[in-house]
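Chemist: Attaching a single structure in structure tokens format; questions to follow.
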Amino acid sequence: MSASVLSVISRFLEEYLSATPQRLKLLDAYLLYILLTGALQFGYCLLVGTFPFNSFLSGFISCVGSFILAVCLRIQINPQNKADFQGISPERAFADFLFASTILHLVVMNFVG
């Protein structure tokens, strides 16, 4: 059983490293960073507490929102999804991501107080 799981993981990594464009790998690294940051904040909340609750909520909402926006960007710039997003260039998708991210962080900063 564990040998088959290891073979599936190794094949996944081989195909990911050989077939995934560099832009998507960079975006995946950003997604991993956001995921780990959100998990760290949630773990801190469980261990220490949520004394400044607005600060915790702001940070966690920022992580979740940024993750969602980055996933949307990844879907739009993936070459395999080109047929679904014919009218949107990768540059336009990135500009939309920057605009939405700016709005998200303005709302988060307003929520902090």
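For all residues, glycine too, the Cβ spot is worked out from N, Cα and C.
Got these off Swiss-Prot a minute ago, pasting:
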TOPO_DOM  2-30  topological domain 'Cytoplasmic'
MOD_RES   S2  N-acetylserine
TRANSMEM  31-51  transmembrane segment
TRANSMEM  53-73  transmembrane segment
TOPO_DOM  74-92  topological domain 'Cytoplasmic'
TRANSMEM  93-113  transmembrane segment
Chemist: Mind giving me a neighbour count for the residue listed as 'N-acetylserine'? Other Cβ atoms within 10 Å of its Cβ, every protein chain shown.
Modeler: 6
Chemist: So what's near the topological domain 'Cytoplasmic' (2-30) in sequence-distant terms, Cβ-Cβ under 8 Å and 6+ beyond its ends?
Modeler: 70, 73-74, 77-79, 90
Chemist: Six or more residues beyond either end and a Cβ under 8 Å away: which residues meet both conditions relative to the topological domain 'Cytoplasmic' (74-92)?
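Modeler: Counting only partners 6 or more residues beyond its ends, the topological domain 'Cytoplasmic' (74-92) has Cβ contacts under 8 Å with 21, 23-24, 27-28, 31.
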